[in-house]
Structures are given as structure tokens and as C-alpha cells.
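Visitor: Sharing a structure below in C-alpha cells format, with a few things to ask.
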Amino acid sequence: QGENLLYCFEVAPTQPALTQVTQCRTEGSTRGLAAVPRLALDVMACEVLRVLQLTDTALVPVSYLVPRKSVQEFHEDLFPDCAGTLPATSAQAWWAGDSQQVVRVSLHPARRSTETFSSPVIACTQLQAANTSSTDADRSVSTGRQGACWGAKGGYSSPSSLASPGSAATSLSVSTGPSSGFASSPSQKSLQSILGPSSRFRHAQGRVLHRDTHLTNLRGLSLTTPGECDGFCANHQRVALPLLSAGGQIAVLELSKPGRLPDVAAPTIQNGTAVADLSWDPFNPQRLAVAGEDAKIRLWRIPEGGLREMLREPEAVLRGHTEKIYSIRFHPVASDLLVSSSYDMTVRIWELSTGQEALCLQGHTDQIFSLAWSPDGKKLATVSKDSRLRLYEPRRGPRPQQEGPGPEGGRGARLVWVCGGDYLLVSGFDSRSERRILLYRAQALPEGPLSVLGLDVAPSTLLPFYDEDTSVVFLTGKGDTRVFLYEVTPEPPYFLECNSFTSNEPHKGFVFLPKTVCEVREVEFA
């Protein structure tokens, strides 16, 4: 009472005896709770449980549904026969030793009785004339305009005075632990087989490391990097942070020297123009590529041990784009290859060893929100404001090999390759600005998404980070405090929810370090 979380557990006679299935956050604080009888459930919608929550001002039904592909048929495994409503014996007979049990009745709508009777408490205005039969004990609940009456058809629906926009329909998921069916009741299958899979990583915990590891007293950070940029970048040795000061300055901090930074200004990179995006070379921890708003890409070399003086001269400058650059990405497999996208609606691939443009990819008609190399480096995927996904194979030519429908909303999108490079996960918006994630088969973009999952309504684009070892994707936006975690699978239901992580204050940027920095003895995986 007084809480707004509703936990659902599976109880089993074997270990683990209690397994959490789901938790549901309600709008109002709970003042009381009651479960609706099984005979009143909407069995054809696969509703396995309904709880009525009493708040300060309302009765709110919370419905638990089991996701099933077909809701046209009655699922016997979800709804074993339940106790009917006729007594099995009288009080005198029970004292005399009679131990008969209440007759069990089917929840199948076609096998329900047509019997109707009125409650002595609530006068029902919609009674139908019906023959009452003492043998058929099966009743369901339906609602009349003036109150509730026990009727033959339909599921329980609440009068309008009880209906609340906060009614939550919670989709159940369940543990992959040992089977929990009771041996004594073959009709009561384990929740595992009924509810489908849940993630092995659903109990992953996000934990803020000790303050000794933090870099604090950061000053003059630029928090206005474009939405296509992650805000800053890191490798296993150092981080690069754009600063607010004129001339596009960039601070480079060594991760091996945590703690409070001195108040005096530290040496920086003088980029000469505002930073649009920046990225470390994955094969050279001392090389930083910086895309500027002047349509040029500058390559900087950080001396061994970090910056000791101002860096003013880049190692190389890449020229070719005619307008401001959106984002840059290093190739995951080959050295000295970089791709960039720009307001000139081209995607260009650069040979860094010669400082020349190697290929210009064509086919975009609007702003390019995001681009990503496939893990094997063979393909390049893009998502743009024209609500299209495009897949290129640069070694085959400059035109897209495939195109498909992307997220509808034009507010921003990101993409990342998942499941061994066979699938694409796209984060974006729908037409009503709800943030959502979409999963595509990389070989079949024109067929559209396999699955779409709506998350919440917020202004910033969700930045996806994918851990290929566990197949867990982390999603959060600039200005958010919550990080969503989902395990991505190549078969339905595709997205398995894990524990989300909530930070104390909104983040301005969010990047993942290489896997080699994880403390594997602590089972840290990201």
C-alpha cells in the first residue's frame, strides 16, 4: 500500500521457488488490490490475470496478457478448468465428514452456460429471461449501463466511472530456469512454455563505479554537438570532448589519470572550426578524426602519454564535401578507411594513407541521420530523413543495393547492426513522436521491419549501443536519465526486456568503451 509498483512472480515447488516474471508501474499509489475471478477473464484475448487497483480517486483494472500469435482460438494450455460457483456440500454435511470438491467448469466461451441471475447487492437493469439450471455452474461477468450483472456472454468490462486512462496492459515474460509445471496437474503447464522466452540477461545491473574512477571538474563543455554526434568519443586510453570556446577546441583526457582536473586550462586541440562529429581510429589509439562544420575532416595525432601542449596542425585534412558534415565512422576491419556523410547528401569513403576520396555513394534525397558499417566491413547501411533505409556494398559500386521503409518520423534516427550482422536495429520516431525501435533482416529491407517496439515519448533520438557477445542493446538519449536494455534475438518476440538503468542526473553524452576494459572477474560485460 502506498507504492506504485506491482510485481508478478511465478511460484514453483522446485528451486528457484520464486521467479520474478514482470513488474508493472502504475500511475497512482495503491490503496488496495483485488484479483478478478478467473471466470471473468477475457480468455479469447489471452488474459490470464486481472487485478483491480484502488487509488485515491479511481479503481484501475490492470490486465496481464500472454502474447500469442493467434487470439482467435481458445488456448487450452493457458486456461485449465477452474472451480465453478455452486457449493459442493452444505455446512451440516461438511461437519458430518463430507469432503466433496466444487465441480470444475471450462472457461471455453462455447461451453459456458446461458444462465443469468442477479446479484442481491447490485440491481441489474439488463437481466435476460433464462431457465436456471442447477447442474451448470459456469457464469461470466458482463456489465450493464447502470451497474454490473452476471451474464452469459463476453468478458468483464468496467463501468465508465471505473475506467481510467492509466489502465495498464502488461505483457508477461518469464524465466528460462527449470520447468515449473506441477506434476500433479498436467493441465497446468509451466509458465515457461505458456509465456514464451525471457532474456538470460534480464537481471543485468547497471552500477556507477567508485568516485576514484571519475574524471571531475570538467569545464566549458560544448553541449550543442549535432544530434547525429554522440557528444564525445572514447577509446581504451583516452576521451575526446568538444569544448564551447571559439575555434572548435577539443580536450583530450587520459583515462589512466582519473580524479579532479586542475582549475587551470589544460592544453587542447585547436580544430579551427566547430566540431560536428569525432571518432578515434580503432587500430591506432593516437589518431583522432574530427569532422568540422566547414565541410573538412581533420586527422590529429595525439602524442604518446597525452597532450602536453596545444595541437594546432592536423596530420592531414580531407577535402571533398561541399557542405557541413553530419557524421564520420572508421572501417571496422581495414586500416586507413573512413566514411563520412554530409548536408550535400553524399556519403564519401576516404583513403587516409593518401588523403584522397576513394568513392562517393549516391542515392540520398534528404538529410542522412546515421550510417553504420556491417561487422564484417562488407556493407554500409544508412537511414535518412526521407524515411528510407539504404544498404550499400561499396566494392560493388556507388548505388544502393537495397532500399526499404525506415521510421516514419523525421526527427532523427540511428542504426546499428545486430545478431552477427544479419539484422539491422533502427531507433527512431513514429508520426506521433513516440520513440521506437525497429528490427530488419539485412537481406530483406524492402519487406519492412520484422518487429516494432514503442518505448516512450521524449524529444531526443535514442542512441543504440550493441554488445555482440550477449546480443544486448543499450538505448538512451541525450538529456535522458534512463538506459533501456533489450536482448535482441533473430526469432520472435525479437526484443526481450532486461533491467533498465537509471542515473541520478540527465546525461549529455553516452559512449561505450572497448570490451577489453571490462572486469571479467566481476562478470562485467559492458
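Just so it is clear, glycine is given a Cβ too, placed from its N, Cα and C backbone atoms.
From TrEMBL, here are the annotated features:
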COMPBIAS  174-196  compositional bias 'Polar residues'
DOMAIN    193-259  domain 'DUF1899'
REGION    167-196  region 'Disordered'
REGION    391-410  region 'Disordered'
REPEAT    318-360  repeat 'WD'
REPEAT    361-402  repeat 'WD'
Visitor: With DSSP as the yardstick, break the repeat 'WD' (318-360) down into helix, strand and coil residue counts.
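Guide: Counting residues by DSSP class gives 0 helix, 23 strand, 20 coil.
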Visitor: Below 8 angstroms Cβ to Cβ, which residues of this chain, lying six or more residues outside the repeat 'WD' (318-360), approach it?
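Guide: Distant Cβ neighbours of the repeat 'WD' (318-360) are 226, 228-229, 276-284, 289, 291-299, 366-373, 375-377, 380, 382, 392, 394, 398.
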Visitor: On the 0 to 100 pLDDT scale, where does the repeat 'WD' (361-402) sit on average?
Guide: 95
Visitor: Could you give me the DSSP helix, strand and coil counts for the domain 'DUF1899' (193-259)?
Guide: 6 helix, 18 strand, 43 coil
Visitor: So how many of the residues in the repeat 'WD' (361-402) end up helix, strand or coil by DSSP?
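Guide: Split into helix, strand and coil, the repeat 'WD' (361-402) gives 0 helix, 18 strand, 24 coil.
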